[in-house]
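The feature domain 'LRAT' is assigned by Swiss-Prot to 20-168. What Swiss-Prot lists as active site is HIS30, HIS42, and the listing cites sequence analysis. Annotated active site, acyl-thioester intermediate per Swiss-Prot: CYS152, in sequence order.
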Amino acid sequence: MGLLSNRIDRSSLKPGDHIYSWRTAYIYAHHGIYVGDDRVIHFTRRGQEVGTGTVLDLILVSSGPSRNHTHCPTCVPPNEGHGVVSSCLNCFLAGGVLYRFEYSVNAAHFLVKARGGTCTLAVADPNEIVVHRAKHLLQNGFGCYDVFKNNCEDFAIYCKTALLVLEGRTMGQSGQAVSIIGGPIAAVLSTPMRLLTTNVYGMAATAIGVYCASRYATDIGMRADVAKVEAEDLTRRLSSGLFQVLDPPLAAIALPSTS
């Protein structure tokens, strides 16, 4: 892996790796946890998802492995009760390129990766613990799929860190969810600052600054509203209804002060 690309060869995969592959012309990526023996555990939409009612739903439907009519002899039939599934690596990639998500990156590295959903400032737990969490959630589920609060990237980041956002009105861990809506929001919120400059380059720099600040502030490794919740406790709370997926308002994205 390098500064500009997280692409890796299959030979370098280790159990516990958080991997992903781009879908739909690089608009969105599908994420999962490699658990060894050519297997990937990942979170998909299986008819229980909370959608947006927008074109994003069509994009995210295609983020998971394609459901073709050819039966894969090595893949485990999915549990229809929840969206956590185990697939072979080929089915997970669905013809795409393999990438590895990075953890414990520094601030400069994080901001250079302008596209969200490729790295985080958060520290990952040991790989054997990551695999245990993924396998536990395969048996017990990860709640209801939500585009912004509980998607495949949120699942993989949780398996790696056990960190959860506890405040229901804010966004989940997903960096690519912030990227999808962060750009338009940055453009809107930087509009008042355009009064301070008529230079087109200054306007662009302002919008980029707001976008980068929002990505940095909402990264799971920087947020103050997160807690470590182990998988057994998480699934117990999910089954008892103590955790619920709610639609977060866009205003929940942290932004820099203009004062």
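For all residues, glycine too, the Cβ spot is worked out from N, Cα and C.
Taking CA atoms as the reference points, the residue listed as 'active site, acyl-thioester intermediate' and HIS30 (active site) are 6 Å apart. It is 9 Å from the Cα atom of HIS42 (active site) to that of HIS30 (active site). Summarised as a single figure, the pLDDT of the domain 'LRAT' (20-168) averages 83.
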